[in-house]
Amino acid sequence: MSRKTKNIIELTGIYSVIALMFVVIFYPLLWTLGLSLNPGTSLYGASMIPENWSLVHYEWLFTNPRSDYLVWYKNTIIVATATSFFAVLFVSLVAYAFSRYRFVGRTYGLYAFLLLQMFPVLMAMVAIYILLNTVNLLDTLTGLIIVYIGGAIPMNAFLVKGYFDTIPRELDESAKIDGAGHFRIFFTIMLPLAKPILAVVALFNFMAPFMDFILPRIILRSPENFTLALGLFNFVNDQFANNFTRFAAGAILIAIPIATVFLLLQRYLVSGLTAGATKG
Amino acid sequence: MANKEDTNDVNLNHSQKKSHNPKMAAILSIIPGIGQVYNGRKIKGSIFFILFAAFIIVFNDFLNIGFWGLVTLGEIPRIDDSRVLLAQGIMALILTSFAVTFYVANLMDAYKDAKRIQQGWKPSSIREEFRNAWDKGFPYLLVGPGLFLLIFVVVFPLLFMVFLAFTNYNIHNAPPRHLLSWVGFDNFIALVTIPIWRDTFFTVLSWTLIWTFVATTLQIALALFLAIIVNDPRVKFKRLIRTVFILPWAVPGFVTILIFSAIFHDQFGAINRDLLIPLLGFGIDWLSDPFWTKIALIMIQVWLGFPFVFALFTGVLQSISSDWYEAADIDGASRWQKFRNITFPHVMFATAPLLIMQYAGNFNNFNIIFLFNQGGPAVRGQNAGGTDILISWVYGLTFETQNFNMAAAISIIIGLMVAGFAFFQFRRTRSFKEEGKI
């Protein structure tokens, strides 16, 4: 009897903790959704459960000539796709060299990567600004993409190198004996086997431009070049309380696709991360 | 790699080759290529020589101006822009270090080949030489493009920042109107001696450390607790619960932080308006009282950060073999003992490097500090906001008050702290211990 009671009490405890966490997690998200459906534009007077809800803000984002939302969305997708593609390319090449070849500077290179990934790009913002200015890439998406790719190399190369190390060397050695060249081994053996971690790298670098607003803020000047994060940030920053419901609508439209992709792939992501970090 | 047919020749020629002198080859290689020609490798030698000559011809002027600029930082105000000169100087440094590496490699190459010739080795045919060069050069080819990008986007800016910390670049002394000059360690000394800088620096530093420690540890503790209770065999709907718990990680961070700053808004925020005032009768100044802003920041960071750790822990918990717990049950271990001696060590061992990254990440977590309240509220008697951590203070110094020299000095301190700590910890992980095997 007492054991059964204890069991029930414990389970109730567990479920109430879980329920509490559900409330804490869902409250801000649902609050935003509710707010985005309010007809007024200001935070004051808006409520989580609007009495006469409407989709005016969503409509405004897409149709109003003063809204750059679609341009921002397009810019972000361009930046995200380019960054993700080139980051995977460069990172896998570098990681392959570090995992399979001995060459001058290899060990120091690894240490250097570890150190460099600790430094946020933010610390060097003045220099990046001056550098991009001298090569005329300031206020261009290309400049932003280049900085993203360069910044992605140290951290991701380390992850991918760790994963490559777990692929048995016998595989590529036997291919070499069969007469396969360096690139052939790389493209037909290493890359297909490393798909999980490459997917992680691609996903990370695809999502970064959706989430990052500080680099775009330093590099991009004109509103037609903004990415979503920067555009939305300026949106609320100018008149915080007054544009909030529109911001909420814009935010929901970013959060839903990103969160969906993320939840679908997160299993991949966690296993890739732990494999790279512990086995590497 | 002597072929079998060559073995006879090697023996025959052995005495003759004694005259071939490795030191001579190395000395001749002071002009790259000559030593290789002396070794009988004419094509390789001429390629080396052409590269060497081209480097000198193309970069001579650039290096000259670069080093002159790096030393003097310009001589005529308004015409010489010290920032550009500094940038050129750093490029010159990077180029030179590459050239020196190549040069040393050339000397060693000449010496090694000559030594092998002395021992009776014959230079291989041109075809084989190309094959060898392709095999040996391949890793450099792989690393090349990435390295190039890395140098220009990461290494160059970081070096620039390091150099800036030793100049007097601020709003009163800004190029091109004024010239910069080298001031040695003055900026670092100012940081700990001039009262306003010293007070701000130590206040910000201590809050940064508290923030890093408290926010990250709470995040990890909550994640561990939730991972364990959700992993309990009696709990149903595990998949659903886990998906919901990962949700805060899935929503872009800047969106949630901005939403939270509205929820915590002093007048219109939901927390004050819908929760505290109806229940307690008063609201809290979440955005204008430094203490409450800090509390709010920590709570938000825990909300944002626990899902990642939760996902990691869940993965590890599922992989712990149940044999451990069965054996513990037979020995009559209590639940706490099982946690302390089985679960906790397993989880920590598997995730330690990633947890360290969490601490390092929060140490430099610019986004949350800046987006929530822009480092504010302002505090009297210091030039950083009440909740500024080091990195957001650097941002303020750079883009708001244009104290570039001080910002750079503080950046160096941040860099040293994070790098030192992380480097020390990472050396213990397996990836470095196994390094020698490859």
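Numbering starts at 1 and runs along the chain as displayed.
A Cβ is built for glycine as well, from the same backbone N, Cα and C atoms used for every other residue.
Some features that TrEMBL has for this protein:
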type: TRANSMEM; residues: B:47-73; note: transmembrane segment
type: TRANSMEM; residues: B:85-105; note: transmembrane segment
type: TRANSMEM; residues: B:140-167; note: transmembrane segment
type: DOMAIN; residues: B:205-425; note: domain 'ABC transmembrane type-1'
type: TRANSMEM; residues: B:209-231; note: transmembrane segment
type: TRANSMEM; residues: B:243-264; note: transmembrane segment
type: TRANSMEM; residues: B:295-317; note: transmembrane segment
type: TRANSMEM; residues: B:342-361; note: transmembrane segment
type: TRANSMEM; residues: B:404-424; note: transmembrane segment
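Sequence-distant contacts of the transmembrane segment (B:85-105), counting only residues of its own chain at least 6 positions beyond either end whose CB sits under 8 Å from a CB of the stretch, comprise 32, 51, 55, 59, 62-63, 65-67, 69-74, 151, 155-156, 159-160, 163-164, 167, 180. Counting residues 6+ beyond its ends, the transmembrane segment (B:342-361) has Cβ neighbours under 8 Å at 212-213, 216, 219-220, 224, 228, 305, 308-309, 312-313, 316-317, 319-320, 324-325, 328, 418, 421-422, 425-426, 429 in the same chain.
Of the Cβ pairs linking the transmembrane segment (B:209-231) with the transmembrane segment (B:295-317) and spaced 6 or more residues apart, 3 or more are under 8 Å, so the two regions touch.
When Cβ-Cβ distances below 8 Å are used as the criterion, the transmembrane segment (B:295-317) is approached by residues 211, 214-216, 218-220, 222-224, 226-228, 230-231, 242, 245-250, 253, 256-257, 260, 264, 286, 343, 346-347, 350-351, 354-355, 358, 362, 365, 368-369, 372-373, 387 of the same chain, each at least six residues removed from its ends.
Sequence-distant residue pairs (6 or more apart) of the transmembrane segment (B:404-424) and the transmembrane segment (B:140-167) include at least 3 whose Cβ atoms are under 8 Å, placing the two stretches in contact. Residues of the same chain lying 6 or more positions beyond the ends of the transmembrane segment (B:47-73) and with a Cβ under 8 Å from any Cβ of it are 31-34, 36, 80, 82, 84-86, 88-93, 95-96, 99, 102, 106, 167, 179-182.
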